[in-house]
Amino acid sequence: MGAKIGFASVKIKKWNLRGAIWKEPSILMSQPILLEFDIVFAGGGTTACVVAGRLAAYDPSLKILILEAGQHTLHKPIHVQPYQYPFNQAPTSTTVAFHIGNPSPRLNGRAPIVPSGRCVGGASCVNFMVYTRAPASDYDDWGVDGWESENLIPLMKKLETYEVQPDHPTHGYDGPIKVSSGGCKLGLADEFIQVGTTYHKRQYADDTNDLETCNTYSPWRKYIDGTTGRRSDAAHHYVYNQAHNPNLQVWDGKRVKRIIFEDKRAVGVEFSSDPVSCPDTDQSSSIVRASKLVVVSAGTFGSPAILERSGIGAEAILKRCGIEQLVNLPGVGENYKDHNLVFVPYLAADEAVTMDALWRGDSILQESLAEWNSSGKSLIAQNGFDSKIKWRPDDEELKAMDLTFQPRWKEFFQDRPDKAVAMFYVFAGYPQPLSSILPPRNYMTARYCTLYPVSVGSVHVDVTENGKERMDFTTGFLDNPSDIVPLNFGYKKTRELIRRMASYRGEVATGHPDFPEGSAAACRETSGSVDLNAPDIVYTTEDDEAIDRFHRDRMQTMCHSLGTCAMKPEADQGVVDARLNVYGVSNLKVADLSISPLIVGTNTYSTALLIGERAAMIIAEELGINGI
């Protein structure tokens, strides 16, 4: 690799080839260091790992650098043992960043918090590992040349090894990312599906990730290797597995400040040691040059911030921060989208198998770890999500929903049978936020999330009165009045499903709406489930108001943030074109979920991987790499 210009001694992170373990970073500099690579990635999350890993495999001579503010994830139990995923969301966690939104009257004055991955591999190393794919039509809706579903389906297949069943035409069987049923089966899933196919009168389908099927109850597959029982993430399966290539480098604990330009051509990146990952390290800036390309891949929050700090964005935003404008691109930081999630806890039977005992550290933990170490099986290789429905309301349910939703239904959903309004699912356990104050026992959680909310937010850099950088983040959650309607209905429907499950033992009242005294909807502990044919709970107007209030108080992110560097025409607040080039400059691309022009009806890990595969193909073509 070699430094082009050096002003101080520097120890560059390299591979320890014997054990394929990264050496700890040690960049000690009192003056700027200038280094040069072919391609520099500003950010090291899911998509960056996919693109960098693919390019390094296509052409091992390419000198590629990934700069990531978070820390390495290689073989760390919190990242590779599936059951540990909730611990990444702990308030003291440094593996995710917690973005605090502006208070919103639609959320009863609450300031929502939205986490995002903050480590090598990004969200792929901290997410819930649920395998969901958007309907193919979602990508056709983007209306972007080269990103139609017919061009993307081969890449969807290329990236995965579908271990569940052979010979499915839309699934892949030789890709880096493993998809399985996990290390053991949970009985609560069978109960949920049984109630759904009888009481709820929906069909069963083994695979609702064939890019078109929805509105059926199905098992929920996982991004877990069925052989090893480990999380299947982008860091380990695209980057860390290339220990033999010294030209692929990852520097963790490095915060990208801005892109360096020469005549509007991106030629490098300015970075410093991250104060969270490296609190005792010199915070002075350094520059690394990129001879071929700079790729911004810092996610929905980080990518627009890097562009704005580099002078690319709306004039008013840059002016208030004292940043000289390079390119007037008002779409930067706009078009923020996310899914809306609510989870509601219930009491589960003592004999039910849940994740609770593992998270408490009960004796079953050591037994499960021993089994996992020897066979890759046990609850260690579980995430607690084993069944779901991508739900569309039938005529009766539509009539029961608030009229505010009807225009949205007719305009978007009615004639698109592959588009689900929401997902309903049961989770075997209850990890947060009340778990620390609840008695130790078994729980299960009803979860429901909307897949195509209308509301839009924004993410921009800002400065405080004392000149310190902050984020001006508006989620937009529930701003459109139609968005809360499926949530209000989802509470009622999932409660009816849960109370008919054999393991149901009542509600955890503190995690439910505060119903008026004497209400028929009041929460209580019970000795068993109700009959399948029992009448539904009847809610009064006051009860409905309590449910609405509950959702404005409790609704939260699905951690599926996207859209803030949208791949749209520049005149339509676009930031990048179909080849991911940032408008108005050269040698600069964006590749991560921030480019999504529209929200996608899926857990977004699958889309982040897909964007990475497509970006790698685009860059390889432009570099003249053959045989991809």
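Yeah, the Cβs are placed from backbone N, Cα and C, and that goes for glycine too.
Remember, it's a predicted structure, so these values are computed and weren't measured experimentally.
Copied over from TrEMBL:
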type: BINDING; residues: THR46, THR47, ASN127, PHE128, MET129, VAL130, VAL256; note: FAD binding site
type: DOMAIN; residues: 299-313; note: domain 'Glucose-methanol-choline oxidoreductase N-terminal'
Sequence-distant neighbours of PHE128 (FAD binding site) in its chain (C-beta under 8 A, six or more apart): TYR85, ASN383, PHE385, ASN603
The domain 'Glucose-methanol-choline oxidoreductase N-terminal' (299-313), counted residue by residue under DSSP: helix, strand, coil: 11 helix, 2 strand, 2 coil
Stretch-averaged pLDDT - the domain 'Glucose-methanol-choline oxidoreductase N-terminal' (299-313): 98
Most crowded position, judged by CB atoms within 10 A, among THR46, THR47, ASN127 as binding-site residues: THR47
Local Cβ density at VAL130 (FAD binding site) - other Cβ atoms counted within 10 Å: 20
Least surrounded among the binding-site residues, given as MET129, VAL256, when other CB atoms within 10 Å are counted: MET129
Recorded FAD binding residues, THR46, THR47, ASN127, PHE128, MET129, VAL130, VAL256 - maximal Cα separation rounded to whole Å: 30
